[in-house]
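*Asks:* Summarising the annotation, TrEMBL assigns active site to 168, 322, 352. Annotated domain 'Alpha/beta hydrolase fold-3' per TrEMBL: 86-237, 293-355, in sequence order.
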């Protein structure tokens with residue numbers, strides 16, 4: 001583990017990262033002892049205590065097309081139909097519980113967006129991997145979003161003013177849902193998509209941000225590959241080959257190089273160090289087990305131009321000390337090249353997951369609140 005140089009409040013970061021390291025070690029010990037799996041232990045840690053009711057919001061657990069959701073509605077009277085937002089939580093497709101769509105950190109984020117943006121927020125409790133492999137999470141998020149759009153007025157929401165929003169793995173799901181709905185003619189067009197440090201591809205784990213931030217918690221480079229493989233097929237045994245790039249055929253790598261290419265990353269993001277990586281020798285047997293990784297509903301960065309051009313106005317949030325930084329930068333370029341309006345916000349002192357830590361008991365990072373305020377500002381300006 002390493003502390004991002006230049007990041008504010010290094011003492012607090014050391015305590016936070018030390019806690020992450022110790023809990024990760026404990027999870028491995030419990031798994032070896034047969035007490036519980038490491039994933040189960042991590043989920044328990046992420047499920048914070050229930051927050052007290054917020055007098056400014058009504059909050060209700062429901063099911064949208066069989067998918068558990070939590071609906072946050074401002075109590076203040078509205079002059080007309082409100083905007084609405086689907087929120088898809090992060091956690092590597094593995095963490096947080098389906099019984100309660102938002103763990104403590106995301107509960108606060110959803111409440112903040114609902115109150116600050118004066119809109120109805122629906123947090124989706126999609127099925128988790130590895131018990132439910134791809135495309136289960138994507139299908140749940142898509143079905144819940146469609147249900148909400150079809151029944152928006154029941155919740156006092158304008159069906160033509162619905163946003164899809166997600167962080168980390170939730171940002172991946174939000175991007176995938178937005179792409180799918182962009183091709184639908186039977187529903188209103190999404191008003192916007194908000195992608196918060198999203199993971200958008202699994203072809204190249206050696207982009208500059210993956211090299212520079214490979215040891216920066218909470219999302220190490222190995223974790224990014226591990227989560228993607230667990231979501232894909234519940235098996236991370238080929239993780240090393242994935243990290244080396246041995247899972248993609250040369251012709252396919254050449255095809256996608258126009259979109260997944262370190263040359264598209266601005267030079268200022270390479271000054272902290274970057275060494276061009278030559279992919280490992282292609283291994284067909286590995287490709288056979290992970291070939292669905294090239295599907296846009298799993299890796300939205302690989303969608304065809306015709307679909308990208310149909311996407312709604314977008315907000316992309318990236319952090320300097322985050323392995324997924326370059327996924328966001330590459331998608332930003334793709335959207336802009338396709339004529340999609342993009343608002344980009346980059347936290348120079350940010351790290352992965354900081355948004356959920358703007359007010360997290362003993363750990364509080366003002367930059368997280370600053371980023372959340374920019375998201376609310378974007379929503380109110382739509």
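Placed from the backbone N, Cα and C atoms, the Cβ positions cover glycine too.
No curator has checked TrEMBL annotations; they are predicted automatically.
Computed from a predicted structure; not experimentally measured.
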*Asks:* Which residues in the same chain, at least 6 apart in sequence, have a Cβ under 8 Å from the Cβ of residue 322 (active site)?
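*Replies:* For residue 322 (active site), the qualifying residues are 197, 209, 213, 216, 219, 350, 351, 352.
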*Asks:* Among all protein chains shown, how many Cβ atoms are found within 10 Å of the Cβ of residue 352 (active site), not counting that one?
*Replies:* 26
*Asks:* What is the pLDDT of the domain 'Alpha/beta hydrolase fold-3' (293-355) when averaged and given as a whole number?
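*Replies:* It averages 97.
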